[in-house]
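To keep things clear, I will list the structure first and then write my remarks on it.
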Amino acid sequence: MSKPLPSASGHFRRSYADEFRLIETRLAKTSAAAFALVLLVFPFAVSPFYVDLATQVFLAAIGALALMLLTGIAGQISLGHAGLLAAGAFTTGILYKEFGAPFWVTLPSAALAGALLGVVFGLPSLRLRGLYLAVSTLALHFLVVYLGGEYETRRGFSTGILVDPPVVFGYEIYAPRVWYFVLLAAAALTLLICINLMRSRSGRAWRAIHSNETVAEALGIGIARYKLLAFVITSAITAMAGALFAYYRGFVSIEAFSLYLTIQYVAMIIIGGMGSLLGALLGALFVTLFPYVIEGAMAALPGADRLAGSVFAVNYAAFGIVMILFLVFEPQGLVGIWRRVRNYFLLWPFRQTALGERP
Amino acid sequence: MTVPLLAVDKLEVVYQRAITAIQGVSLKVSEGQIVAILGTNGAGKTTTLRAISGFLGLDDARVTEGTILFRGAHLENRPPHEITWRGLAIVPERDKVFPNLSVAENLAVVPRRRGTADGRSMEEVVYHFFPRLAELKRREAGLLSGGERQMLAIASGLMCAPDLLLIDELSLGLAPVAVGKLTESLVQIRDELGISILLVEQSASVALRIADYGYVLENGRVVLDGDAQRLLGHADIQEFYLGHAGGSRRSYRDVKQYRRSRRWYG
Amino acid sequence: MQLAVNILVLAAIYALIACGYVLIYRVSRVLNLAHGELMMLGAYMLVATASAFSMSPVMAVVIAALMSLAVGGMVYLFLMRRMTGEMVLAAVLTTVALGILIRGAVILIWSAQQYHPRAMLGWGNPVITLPGDARISLYAALLIMATVVVYGGLFLFLRFGRWGMRMRAAGQDPLLAAQRGINLHAVFALAWGLSTFTGALAGILIALDSGLDSTMVMIGLKAFPAALVGGLDSLAGALLGALIIAAAEVGVIRFIDPLLADVVPFIVLIAMLVIRPWGLFGTREELDRV
Ligand SMILES: Nc1ncnc2c1ncn2[C@@H]1O[C@H](COP(=O)(O)OP(=O)(O)OP(=O)(O)O)[C@@H](O)[C@H]1O
Ligand SMILES: [Mg+2]
């Protein structure tokens, strides 16, 4: 998508130490602390329904962050995200069902399975670009889903695999609030990993590959290695998200990993804003809450009970429309809107215009 | 004085919202004239022609200042096909033919505007001027030689039945003999069909031989213009474009200084 | 013998759908992932016209097909036109979003129940017995004929038709085409219209043969490997690709595992992407263009 607007924050880095800091200004520090506090208090202040909702957002955020690394940062298009989630969930489900494997075995195994699958998904990227890559990952999605379905039918779990809550140090993770904090921690950890990856050599290599592969290669960046690395990291994180999903739901079924799930994740990074980790978070929030908002809106409408049967269809249609609106009118997503609003207030009463554009 | 066919006034074009390629370029083409644009590489000749014939949104180039009037109507930032319909066709510098279409198909894809005044179809006219193309009718355009391709490109431009034909790099890839023939045909085309021509040409001697009027572009600005005869005799042209050494060698910088002052003081 | 007939019918279905992918890709380099949904929409149009024109069933079919032509053109003019000049990926994702929108809208309008347009039109579906004791339903036979006619028509149109030539020209070099006075929007809209029309034709015939619900989308999606295996920019390739995919699918169902049916096309696709990513008849340069 197009380049992000420059920020007009008025804050400049004045020493090398500044460059390494994660949180740069005092304002940023206070707002981050306030936000953290809100997150900590949240589950105790609201009903279990909202706790579950927040937990879903965290889960989605992990997957969205991972996809953002791959597509938004490294520029490798993947339409196989649901397949990766399925791989993680099924690794967990199978290991648990067949061998009664505990939490600390299944999770790393899911990550490993994801990483291996990442190599498989990534191999085409060494030869294919853009559209063709998207297509190959799409095909792999169907393959993974088929394998999962095959396992279900072969072993007679045609309705899905039941997974008991994980037990850590003799403590069963079951209560919604406990899950809230576990997944909050997981999402925060993923965010931290992603931020640091972006600042590392790999992050710079990915952005170089994204902006121009040929030039990146000419600059001596090992394209193949970094592309594969992007696929592997993304897939490993996504598969872990899949494993957590399996435990959280206590249930794994291939039905849950349709193409629509992939589209939802792709929508998260589009709606959030390509190339920005903040965008991934915003997108995850937006897309996860969207169906609930629609449902709420429809319930508020007159004749709500008549519409009840079509909630699902309205959801689809509305989701399609929102995606189109973002693609057409706001390709930089929610982050783009946020940046514009911020710049507007920072620069007020002046206005920012690009060169060659009449104000 | 009558309205000129094409009047470009103080044109400015910006690429990618950042690179200003031409600035304050003004030029005129009157009915029935052949006008030449000269200039070194990167001077902005192609940019000027493409601005006149319409950029496609894909290019991220925009006309930011100035006006382009064709028969008194504005053309700035109009879509290219509309400009062609109004009677202004271009023979571009690169990618001038459809490589996978045959010669005949290359000519046939052009939407019909009208035939010539004497009732011949444009196809007949084109084959009359470029008999070589008639022999190659069924050949795929991608398999043509560079010179044949250039002929086909000019022929396709003529198929649009324009009032004004823009030609970028007229003699690109043509044998000197072919250039001679081609320039003759162009004069003939102008005389018989009443098509005015605005051409870009690296070789000043070729261009000024057939042109009525010429403009010299440098760094995106018009630095010199005048009747072809006058330009041919001009010392700067002699020195920098025709390669005849002037009496006293001046440094490039002095020349620029001199030109600039002459532009300002007339 | 029956196996050959089954393969032929399935190949005809895939080919008829796949040419829609090829048409749009060839002209505008966009992969239309909403093609399956547009095809389904065409079939639902028939449901609408079938109740409106119950007097003259043929009329209903013709009007449904023509409406699809218009729908395709409008999709371009109102939506995809805005995506020209954007990155290819953005355009493709727009079609994905459009697909979701159509899916939702179709269920909203027609609900998720199954329809039998053939019964609505009061037509039968006699089984024809072919020499060699193979059997084929009337509408399956019609489908094969439609595929032959559509491909023949498209070949002639692209080869000799003035607008066909323009479509080829625009596909090769849009800027030059515009400079030669070709209205790109008209050409692209035409490509979208034709693509949707052929897709809808397939959808209508399938619905007449075996009924209609929203799972039809999957057939559309499975036809897309056929287009890619043959080469995304080649019509002849789509024909051959459809045959390969159909043969693989029917073979696997018959001899290995019916559950594999929905993945076989994608397995073939992966194999093709490994061996020869630009497809059997495609041009190699296409790989770098997108
Ligand atoms: N697509 C583009 N994006 C950015 N800058 C461009 C683009 N096209 C041309 N330019 C710049 O604009 C300036 C003028 O280029 P132009 O092609 O008009 O030159 P020219 O006079 O035709 O040269 P030549 O004789 O070599 O064909 C150059 O400095 C060039 O680098
Ligand atoms: Mg040039």
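From the backbone N, Cα and C atoms, a Cβ is placed for every residue, glycine too.
Since the structure is predicted, the reported quantities are computational estimates derived from the model, not experimental observations.
Residues or ranges marked as transmembrane segment by TrEMBL: A:31-51 (among others).
According to TrEMBL, the feature transmembrane segment maps to A:57-74 (among others).
Feature annotation from TrEMBL assigns transmembrane segment to A:102-123 (among others).
Marked as transmembrane segment by TrEMBL: A:130-149 (among others). Sequence-distant contacts of the transmembrane segment (A:130-149) (same chain, at least 6 residues past either end, Cβ-Cβ under 8 Å): 76-84, 86-87, 90, 117, 120-121, 124, 254, 257-259, 262.
The transmembrane segment annotation in TrEMBL covers A:178-198 (among others).
For A:228-248 (among others), the entry in TrEMBL reads transmembrane segment.
Among the features that TrEMBL reports, transmembrane segment is placed at A:268-294 (among others).
Within the chain, the transmembrane segment (A:306-329) has long-range Cβ neighbours (under 8 A, six or more residues past its boundaries) at 264, 267, 270-271, 290-291, 294-295, 298. Annotation comment: TrEMBL describes A:306-329 (among others) as transmembrane segment.
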Find the member of A:31-51, A:178-198, A:228-248 that has more C-beta pairs under 8 Å to the transmembrane segment (A:57-74) than any other listed stretch. A:228-248
Against which stretches of its own chain does the transmembrane segment (A:31-51) lie, if we need a Cβ under 8 Å and a gap of at least six residues from its ends? 23, 176-177, 180-181, 184
May I ask for the residues of the chain that lie six or more residues beyond the transmembrane segment (A:102-123) and have a Cβ under 8 Å from a Cβ within it? 76, 78, 80, 83-84, 87-89, 91-92, 95-96, 136-137, 140, 144, 166-168, 227-228, 230-240, 242-244, 247
Determine which residues of the chain contact the transmembrane segment (A:268-294) at the Cβ level, with the cut-off under 8 Å and only residues 6 or more beyond its ends counted. 1, 4, 53, 56-57, 60-61, 63-65, 67-68, 71-73, 191, 194-195, 198, 210, 311, 314-315, 318-319, 322-323, 326-327, 331-336, 338
